[in-house]
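K.L.:
The following block contains the structure, expressed as structure tokens.
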Amino acid sequence: MLGLVVLLVLGCLSQSAYCNADFVIRARFIGKTQQKAEEPGRVTYEVKTTKIFKAPDGMDDIQFLSTPAMESLCGYEHKMSNKSQAFLITGHVMNGNLQIDQCNFIVPWASLSVAQRKGFQEVYPKSCSCSIVPCYSGTCSLESDNQCLWTDVLVNWMEPLNGSQSKYMACVDQGSGLCSWESQKPSAIAARNKAAASGSAAE
């Protein structure tokens, strides 16, 4: 049971969500279109995109997102009535259509930590060569240098997505195929920059 929970929430890690998605945007939900004859069993949400973090080449605007009409088929139902609220939305492209479902990472932008926002904007795009591996026992190990152990589940397996790695760190490509966790808190970034500057001055 625990292993199943971990596999499910791993897809909800912000970095994994970014790297596994075909598109990642910040947008507002502004409308909903009922099922169309050409798309039976699906509904379409109209969105106002304010930022595209990731998308296929040539896709410079995203206005419509398709999802299964039924929640039992993993359809996403947007229940917020506030059309001014921005959301971070990930999804996939199938047959030219942009699609979302319950398994995608769709959360209010304001709910993301500063570190996660920086991740979507700057860090995650550079580190999709890294692999995050869930650890839910005391005997975890890495199989390759490009892996990072995700241990939040050991601290609180009921809410691992609120752990320090999930909210404030990123599995960063250090070069030469090596990946490791780095804090994305402003104070930690400032300390690393200061250390790097001191090292350069010493040379």
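Backbone N, Cα and C define each Cβ position, glycine as well.
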K.L.:
Looking at TrEMBL, which one of Cys19, Cys74 makes a disulfide with Cys128?
P.N.:
Cys19
K.L.:
From the disulfide entries in TrEMBL, identify which of Cys103, Cys130, Cys135 pairs with Cys179.
P.N.:
Cys130
K.L.:
Taking Cys148 as one end of a disulfide recorded in TrEMBL, give the other end from among Cys135, Cys140, Cys171.
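P.N.:
Checking TrEMBL: disulfide partner of Cys148 resolves to Cys171.
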K.L.:
Return the single residue from the disulfide-bonded residues list (Cys130, Cys140, Cys148, Cys179) that has the minimum number of other CB atoms within 10 Å.
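P.N.:
Minimum Cβ neighbour count within 10 Å, taken over the disulfide-bonded residues Cys130, Cys140, Cys148, Cys179, occurs at Cys140.
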K.L.:
Cys148 (disulfide bond): which of the disulfide-bonded residues Cys19, Cys128, Cys135, Cys140, Cys179 is the nearest Cα neighbour?
P.N.:
Cys179
K.L.:
Radius 10 Å, atoms counted are CB only; among the disulfide-bonded residues Cys19, Cys128, Cys135, Cys171, which position scores highest?
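P.N.:
Of the disulfide-bonded residues Cys19, Cys128, Cys135, Cys171, the highest Cβ count within 10 Å belongs to Cys171.
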K.L.:
Take the C-alpha atoms of Cys140 (disulfide bond) and Cys179 (disulfide bond) and report the distance between them in angstrom, rounded.
P.N.:
17
